[in-house]
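K.L.:
What Swiss-Prot records for this protein is below:
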- His301: active site, proton acceptor (ACT_SITE)
- Tyr54, Tyr160, Arg197, Arg304: 2-oxocarboxylate binding site (BINDING)
- Ser136, Gln158, Thr188, Lys277, Asp332, Ser333, Gly334, Val335, Arg336, Gly355, Arg356: FMN binding site (BINDING)
- 28-406: domain 'FMN hydroxy acid dehydrogenase' (DOMAIN)
Amino acid sequence: MFRNYNWFDAKEPISYESEIYAKGLKFQRPQITVDGRHWEQLAVERMTKDAAGYVYGCAGKRETYDKNMESFKKWSIIPNRLIKSGFPDLSTTVFGQKYPFPIALAPVGVQKIFNPEGESGSCAAATREHIPYIISTASATSFEDIEKASGPGERWYQLYWPSNDHQDITISLLNRAKKTGCRVLIVTLDTFILGWRPSDMDNGYDPFLNPDSIGVEHGFSDPVFRKQFKEKHGVEVEENMLEAAKEFAGIVFPGISHDWEDLKFLRKHWDGPIVLKGIMNVPDAKKAVEYGMQGIVVSNHGGRQQDGGVASLTMLPKIVDAVGDKLDVLFDSGVRSGADIAKALALGAKMVLIGRPYVYGLALEGSSGVSHVIRCLLGDLELTLHLSGIVSVKPKDLNRDVLYKEE
């Protein structure tokens, strides 16, 4: 399954703390703070204005984003005492596969605007730290180059779903994802058109429309798109990159949503697990079950798409209660610490996707910065659980009984 990769040959996350203190005895300090509250500010100061606006920016007046962040404070972990056990078991099982840790790197596009290493650096870090890496349709790096950088690591593919007029492009993207080792298909439902993003608009910056391959590399490297572009324009993609970028962006952000019946097309062309990302209410979650999906991600895209929305964490327990025994529920939006991860797992998520934090690590120190963020989050999670007397992330040990809802 994992291409001769010893998936469980991973360091105990808590060991990162010991490593840092040992280096401190030699007067060596971490290149990046271990305090996740400061990653964003440090990274934004390092980035260009356009890059900072893109990753930090949100829809509208940031209300959805703010609700995501505040929602975690509404739940508090209740510790248990005199629980004699080893370090907590952080392993989880999703889509029939056991993983050593309950996190994955969320799909984030255009990563070369944050650091020249781009997606290659991030996926290599995910492999080193034994967690799945989710390839974005908006990657600045091709499937094939990501496969080389990731090596034996676990990869999933996130699809920005072209309209039915471009099913041949969809099939080509899915085939390339399968050929390069992607096991799970994540279908993003909330981004058939980009949201109202003031920071990007104030900068006049849309990374998908620039005359380069950033954000549209999957298109520029796709044989079907390249063939169609040459037939239409009489030139190769490289000879008119501005038009090529505009056309591929229009294909993957078609401006209108698919409907539920269209999922049958994806099932026909993908033989692995299919997961719907962006499910935010119970009726839609039940529909996902009805249409035979293997999982959902409770997510509002980190507040980047729709303003005035409900926090993802607010909806998580309701959705888990409705469908958690019928498919795997994953979660993202607003996660910044080990305690945040613990709370999402306690509310029923089987795995938590990490987005902006690892991008900040990438901006600050490239691939090693991404590893640093992953190790900090997992170390923080393990200590949070251990000090709370919670022996594993399995539902029998980590559930709503360990949480108190603040008034």
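In case you wondered, yes, glycine gets a Cβ from its N, Cα and C as well.
Fair warning: this is a prediction, and the values are worked out from it, not measured in the lab.
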K.L.:
Could you tally the C-beta atoms, other than its own, that fall within 10 angstroms of the C-beta of His301 (active site, proton acceptor)?
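P.N.:
Result for His301 (active site, proton acceptor): 26 other Cβ atoms within 10 Å.
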K.L.:
Let me check the 10 A CB neighbour count of Arg304 (2-oxocarboxylate binding site). How many other CB atoms are there?
P.N.:
24
K.L.:
State which of the following binding-site residues has the fewest other Cβ atoms within 10 Å around its Cβ: Tyr54, Tyr160.
P.N.:
Tyr160
K.L.:
Relative to the Cα of Arg197 (2-oxocarboxylate binding site), which of the recorded positions Ser136, Thr188, His301 has the closest Cα?
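P.N.:
Sorting the recorded positions by distance from Arg197 (2-oxocarboxylate binding site), the top entry is His301.
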K.L.:
Going by DSSP, give the three-state secondary structure for Tyr160 (2-oxocarboxylate binding site).
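P.N.:
SS state of Tyr160 (2-oxocarboxylate binding site) = strand.
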K.L.:
Spatially speaking, which of the binding-site residues Ser136, Thr188, Arg336, Arg356 is closest to Tyr54 (2-oxocarboxylate binding site)? Use C-alpha to C-alpha, please.
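P.N.:
That would be Arg356, nearest by Cα distance.
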K.L.:
State the Cα to Cα distance, in Å, between Arg304 (2-oxocarboxylate binding site) and Asp332 (FMN binding site), rounded to an integer.
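P.N.:
Arg304 (2-oxocarboxylate binding site) and Asp332 (FMN binding site) have their Cα atoms 12 Å apart.
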K.L.:
Using Cα coordinates, what distance in whole Å links Arg356 (FMN binding site) and the residue listed as 'active site, proton acceptor'?
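P.N.:
One finds 11 Å between the Cα atoms of these residues.
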K.L.:
If one measures from the C-alpha of His301 (active site, proton acceptor) to the C-alpha of Tyr160 (2-oxocarboxylate binding site), what distance in angstrom results, rounded to a whole number?
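P.N.:
Taking the Cα atoms only, His301 (active site, proton acceptor) lies 13 Å from Tyr160 (2-oxocarboxylate binding site).
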K.L.:
State the three-class DSSP label for Asp332 (FMN binding site), counting H, G and I as helix, E and B as strand, and everything else as coil.
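P.N.:
Note: Asp332 (FMN binding site) is coil by DSSP, not helix or strand.
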K.L.:
Secondary structure at Thr188 (FMN binding site) (DSSP, helix/strand/coil)?
P.N.:
strand
